[in-house]
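Under the heading Zn(2+) binding site, Swiss-Prot lists CYS143, CYS146, CYS156, CYS159, citing sequence analysis as support. According to Swiss-Prot, the feature ATP binding site maps to LYS342. The domain 'tRNA-binding' feature in Swiss-Prot is assigned to 582-685; the stated evidence is sequence analysis. If you look up Swiss-Prot, you'll see 12-22 marked as motif ''HIGH' region'. What Swiss-Prot lists as motif ''KMSKS' region' is 339-343.
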Amino acid sequence: MTRKILVTSALPYANGSIHLGHMVEHIQTDVWVRFQKLRGHACHYCCADDTHGTPVMLAAQKQGIAPEDMIAKVREEHLADFTGFFIGYDNYYSTHSPENKQFSQDIYRALKANGKIESRVIEQLFDPEKQMFLPDRFVKGECPKCHAQDQYGDNCEVCGTTYSPTELINPYSAVSGTKPELRESEHFFFKLGECADFLKAWTSGNNPHDGKPHLQAEALNKMKEWLGEGEETTLSDWDISRDAPYFGFEIPDAPGKYFYVWLDAPVGYMASFKNLCDRIGVDFDEYFKADSQTEMYHFIGKDILYFHALFWPAMLHFSGHRAPTGVYAHGFLTVDGQKMSKSRGTFITAKSYLEQGLNPEWMRYYIAAKLNSKIEDIDLNLQDFISRVNSDLVGKYVNIAARASGFIAKRFEGRLKDVADSELLAKLTAQSEAIAECYESREYAKALRDIMALADIVNEYVDANKPWELAKQEGQDERLHEVCSELINAFTMLTAYLAPVLPQTAANAAKFLNLEAITWANTRDTLGKHAINKYEHLMQRVEQKQVDDLIEANKQSIAAAAAPAAEEGKYEKVAEQASFDDFMKIDMRVAKVLNCEAVEGSTKLLKFDLDFGFEKRIIFSGIAASYPNPAELNGRMVIAVANFAPRKMAKFGVSEGMILSAATADGKLKLLDVDTGAQPGDKVG
């Protein structure tokens, strides 16, 4: 039976470039979608740029252009990058669209009518010059505890104390430099706590399509933490409003109030699909009505599970729509075992990869070969990337066609022999459903291992039958024809198995094979007495120099981007000079993160269990806003001040040092990287 499926990837934010971390998710999604289409299902893949919020508004102001102009330009760049990697969206839209405005307002009205919206008066700091309320990270001032200057509105980077912006001494706006005022403002809250019973049932439930869980096991465990046990819930109501000026959609009947970006961003899935439906004549309501029998899957990063597994299903359900069939999260991408680094050139943008002339299908294959159905981080090891692509794709796969096609063209007028009874091909067709199940369940790594095992069998058959020797022997034409026809058929089957991962190679192979297109049926059916075309080379080897040039290009692009910022004086002024003796008092050491977790009762602190080599310590750091998924820091090397006096962190415990981080221009805190080879306890200086 033909399935009706809607699939989405998380929406990239419209203020930065697409990098390989983004590509992990979009490759994972695209492979699954292409597999469904190969099987003949009606599968629609929709995405969009996430365009609203303060960062976009301020970025456009810095460029001196309207936000609408900036997001239009960014969308073109994003779509070009994704298209370059053969991501086959059926629609790539924008959250700044009439459809999204209508859906956001309709959902809000439905939630309000259902008693799930409440207004409350809150206090916030206000910039009188810019006439805007200021988020925590847009307020700076003097730390109320250690009196360090120029500290952010949520925590002190010198002593680690956390506080509210209203506690800062002599606060000023990071946007205009003026002194902010404390003002009251009416905000609107989605009463998420009242949705707990539904969410407990949905998060622990199974979808009606195949009985599989809505969430992965790791995600479900996290939801249980957030939802609480029994009748109690730890869910907080969600502030869904922001004050003008704000780039976004105005809340109905609330002039000057705008939807927070995380309300209208997931609604963007609906808007993109509605835009597609109107163009191709699909019934939108069939997919989103409360009793829909269609399927809807969201592929996301593990850092946004909270929004997609709690807010989004609750918003949909209590506004009269269906909830997702499944939400599938993936881990983060590291490069050579470490977080992507701009200084090392491993923060690789999609654009730089394409501009350096690397084949995007090399990366599609390598990423897919690392992915499974679990929420696990994956590592791009650049040496392994070179060897795996060259060995698997060039050495094992395309080489099969190259070794057989010439004989078919020269000796048999380009026509195959009927080899339907081939034992070799029977081995390949026998794996069709098993490999299909691997794709279906997102076990891509296993699927590709099994496919390469079949390629090994085919290559063993080549070596055992030696068509190049058969071609020299009298009376062996029929056997040569049979062997080469088996090899071309085997190549066709392998191409069909690999088509979700290598769509462009599959399309080029279809031309060579004289087929309209490769489908999943090609994993089972032989070609018969079929005429093929002249073989054209399908894939080149990866060269070490190409990878070296890619890394160097990313280093240079970062340096070039940093230069104007320095010239324009965008960095904070350098603090007053310190003597050498002052510096030598600070004992900075490398430490390994054994465990990092959120601190119950604090929205700002993370608790680090650290190994300093010579001893283990606990340090609290106010960087929770920058690392919403603290477990991702486990195993990472950090730099910490080892001789900082222990300090009591309110009710949370004693912090035995201070972890160093950098404050970025967008108000985030980023931990400092430690280069390869450094060990816990090593002195920094």
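Cβ from N, Cα, C; glycine included.
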Remark   = Counting other CB atoms within 10 Å of each candidate's CB, the least crowded of the binding-site residues CYS143, CYS146, CYS156, CYS159 is CYS146
Note = For LYS342 (ATP binding site), the spatially nearest of the binding-site residues CYS143, CYS146, CYS156, CYS159, using Cα atoms, is CYS156
Ask   = Should CYS159 (Zn(2+) binding site) be counted as helix, strand, or coil on the basis of DSSP?
value = coil
Ask   = By the DSSP assignment reduced to helix, strand and coil, which category contains CYS146 (Zn(2+) binding site)?
value = coil
Ask   = How would DSSP class LYS342 (ATP binding site) in three states?
value = coil
Query = Across all chains shown, how many C-beta atoms besides its own are within 10 angstroms of the C-beta of LYS342 (ATP binding site)?
reply = 16
